[in-house]
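Per Swiss-Prot, these features apply:
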{"type": "BINDING", "residues": "Gly11, Gly12, Gly13, His14, Ala15, Gly16", "note": "FAD binding site"}
{"type": "BINDING", "residues": "270-284", "note": "NAD(+) binding site"}
Amino acid sequence: MHQSFDVVVIGGGHAGSEAAAAAARHGAKTALVTHKREAIGVMSCNPAIGGLGKGHLVREIDALDGLMGRVADAAGIQFRMLNRKKGPAVRGPRTQADRRLYREAMQREIDAMDNLTIIEGDAFDIEMDNDRVAAVIMKNGSRIPCGAVVLTSGTFLRGLIHIGSEKIPAGRVGEMPSLGLSDTLSRLGLAMGRLKTGTPARLDGRTIDWNAVDRQAADEDPVPFSFMTDHILNPQIECGVTRTTPASHKIIQDNIHLSAMYSGQIEGVGPRYCPSIEDKITRFGERDGHQIFLEPEGLDDYTIYPNGISTSLPAFVQEQFIRTIPGLEQVTILQPGYAIEYDYVDPRELKPSLECRKIPGLFLAGQINGTTGYEEAGAQGLVAGLNASLYAGSADPLHFSRTESYIGVMIDDLTSKGVSEPYRMFTSRAEYRLSLRVDNADLRLTPVAQKAGILGRERQQRFTDFLSDLDSVRALMKELSISPSQAAKQGLKLNQDGQRRSVYELLAYPDMTLQALAEHWPELNRLNAKVAEVLQIEASYAVYMQRQSADIVDIKRDEDRKIPDDFDFQSLSGLSNELKQKLEKARPENIAQAARVDGMTPAAISLLLALLRKGTATRSEQLRMHQ
């Protein structure tokens, strides 16, 4: 018998670490249950954090005082800002990470956390009392009483590795799957399915001909993920770049019937946006090559991750096709690539708080909800951990709007639409991406963290100072101004309309930069770099943001129009039975969510609104009669 906890988090991966940390920061007495303490923070697949859309999530996790941004900065060995030449709204920070440094940094963060206890072992079942979560039952029979549970099982629920025709029960290489919890979720009546993901072979970098491959360098001036990181201290390395060849493709095509994915033995659906090399050859057969990034797994590690050739072909076929790739002709394979399929829960079973609708006190986060990626998992973990703590303390949950964060976009997509394949974050999923940028994540979400009670003192002080600097510099930029005639004398092209324009307004002009304006106003050279960057981007988007603000107001109004938990969607007489069934399954909590259910039309929304207004009027009349 263990001591009682407010929150028990099952799983020590990226979702579990963030969930445990968020619950503990909020003040909940928290337990993190994991198979092995030393496996906390392990990067199971690619050794990288961030990217397009994903980098936004990492910045948002950091703005909420989560762990991933700081840990990535401590472990990053090749920082790059993707889409640097495009607009700020779609830029994506990314870094290669040293696997060992990442794991060690995450474990340091977890070990230093107050209110957090690590319990090693295998969680086997969840005990219920009056239809609510009451305890976690361990495989050894011991019991952990608790007020809420966050389940972050990753690929461990009935996990099955495939290498050709070989099947290995495992959550990841060398670790057994979780069978008991999968049975528990089925017993509790949750809708479940199977998904698949894959990973490439690991190569011995000492056997690669590095002179035969191209190189990709890190950015000269690396940009950290975390607001709290001043400088990146690790040496920055290069990655290799090579391509598959027609010879590679022929070997794959000739043996594709041996692939676990093409032989019919895998029932799970894989991620469309991270296809296996078999999928690439099948879907894009006209191409003569596919790019491969040779990514070192650490500063002191000769293991290479060949990003772009995940596969479930037999090991001997993998060796054959890999050795037809330039630079890899003599390579030694340290571990074959494989596919892994696992159970997941239909995320439409969840509320926006990530609590199960049918099981009060049970929260789910990460791949169990049908997502793929460390960043998606970490963001869900933070939300689930915080809301589990709020639930355990009988407080209202915190919901994230899709108008204020990529986290909100992801959770709304999952809980209102569900998934047919592993869900990955992209900037294109966010309607309001002009306002959801990586540069303003702190401005958007750190006040949310402060209000929720999960913001550390050091970050709070630094953020307060940053806001003060921002206000001062913004005022200066709006104070400094110039007339069209003065601008013409100084070589600045403005409309000759007689109106003075401030520096802040000038930054909205195409190709007008703070650096160029500093030639005319030298005081702009003395600005803090981060403050200057935020304000330059803010000013350049100001006109567009004004236009978008009306749409955001409309969305927030619809989010405020709540749908009662017991609302009878079958009573919507003007809707098709198919649409009623979709609404019953999705159980939208507000009009904004209902509008995103597949098949909903403006006419259907009008019917729903009319019935809600009628119900509100009826309840008001009943209240008056009882007074």
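A Cβ is built for glycine as well, from the same backbone N, Cα and C atoms used for every other residue.
Keep in mind that what you see is a predicted model, and the values were worked out from it rather than measured.
Known features from Swiss-Prot, placed on the structure.
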residue: Gly11; record: FAD binding site; CB count, 10 Å: 32
residue: Gly12; record: FAD binding site; CB count, 10 Å: 28
residue: His14; record: FAD binding site; CB count, 10 Å: 32
residue: Ala15; record: FAD binding site; CB count, 10 Å: 33
residue: Gly270; record: NAD(+) binding site; CB count, 10 Å: 22
residue: Arg272; record: NAD(+) binding site; CB count, 10 Å: 12
residue: Cys274; record: NAD(+) binding site; CB count, 10 Å: 18
residue: Glu278; record: NAD(+) binding site; CB count, 10 Å: 24
residue: Lys280; record: NAD(+) binding site; CB count, 10 Å: 18
residue: Thr282; record: NAD(+) binding site; CB count, 10 Å: 16
Environment of Gly11, Gly12, Gly13, His14, Ala15, Gly16, the listed FAD site - residues of the same chain whose CB lies within 8 A of the CB centroid: Val9, Ser17, Glu18, Ala19, Thr34, Ile40, Thr152, Gly154, Gly366, Ala377, Gly381
DSSP state at Gly12 (FAD binding site), helix/strand/coil: coil
Cα-to-Cα gap, Arg272 (NAD(+) binding site) vs His14 (FAD binding site), nearest whole Å: 22
Helix, strand or coil at Glu278 (NAD(+) binding site) [DSSP, three-state]: helix
Residue from Cys274, Glu278, Thr282 whose C-alpha is spatially nearest that of Gly12 (FAD binding site), among the binding-site residues: Cys274
Alpha-carbon spacing, Phe284 (NAD(+) binding site) to His14 (FAD binding site), which is rounded to whole Å: 33
Tertiary neighbours of Gly16 (FAD binding site) (same chain, Cβ under 8 Å, six or more apart): Val9, Ile10, Leu32, Thr34, Ile40, Val150, Thr152, Ala365, Gly366, Gly381
Under 8 Å by Cβ from Ser276 (NAD(+) binding site), counting only residues of that chain that are 6 or more apart: Gly198, Ser259, Met261, Gly270, Ser310, Thr311, Ser312, Ala339
Local Cβ density at Phe284 (NAD(+) binding site) - other Cβ atoms counted within 10 Å: 11
Minimum Cα separation from Gly13 (FAD binding site), reported as the residue among binding-site residues Cys274, Lys280, Thr282 that achieves it: Cys274
Cα-Cα distance linking His14 (FAD binding site) and Lys280 (NAD(+) binding site), given in Å to the nearest integer: 28
